[in-house]
Amino acid sequence: MAEGSKLFLSLLVFVFMALKCLPEGRLPSKPTVTLQPSWTQIYSGETVTVRCEIQGGEGAQWTYEWRAAKLNTPPTSNEYRIIRATESDSGGYSCRGRRDYFFSEWSDIITLTVQDWENCPVHPVTEGASVSLSCSLRTQKILSNVFFYHNDKLIENDPRGELKISAVSKSDEGFYKCQYSGRESAQSWMSVKGEASFLFLLLFILH
């Protein structure tokens, strides 16, 4: 048998053994990159954990490879923390798993945006206060069927373009934005402090 054939057969054996070592012989699915907290937009100084998850590859001893915006020494584990994020941490993050001679697919890219606090409208609100969130266009003040989001999660679809929180609590703190007819406002940060009782109006302008 020619040397080339021997080498080819050896490689096939190594690949077969690598696949056989996976739990129940199953091929893992495409990895997924997740963020904790799950916000894709954060502000400088905050901490976020980037995690690579491989469904179907549980129990296997994976080494992880990363493609990231700023990684001087890419980690080989399935997660790493960005502590005191800066704008240079903004960009796309993707990963794949490696076990012996087997490589998973690359995950889809998740994009993280780190903004400077100077560009973030900060709205301090006192705990227990009533808050009204209003959404409008520069050319149209009254809108209908508006979607409101808190930390990128849909909280209400309001036909009047307004969201009211009767008594703000600490859990209401976070980023807010609105969406109307495919257009999205910039995010605003609402911080919750102490206790009081008054009405606060937060207005979003769609560009």
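The backbone N, Cα and C atoms fix where each Cβ goes, glycine too.
The domain 'Ig-like' annotation in TrEMBL covers 31-96 (among others).
Taken from TrEMBL, the feature domain 'Ig-like' applies to 125-191 (among others).
Under the heading signal peptide, TrEMBL lists 1-23.
Mapped onto DSSP helix, strand and coil, the domain 'Ig-like' (31-96) counts 3 helix, 29 strand, 34 coil. Assigned with DSSP, the residues of the domain 'Ig-like' (125-191) fall into helix, strand and coil as follows: 3 helix, 40 strand, 24 coil.
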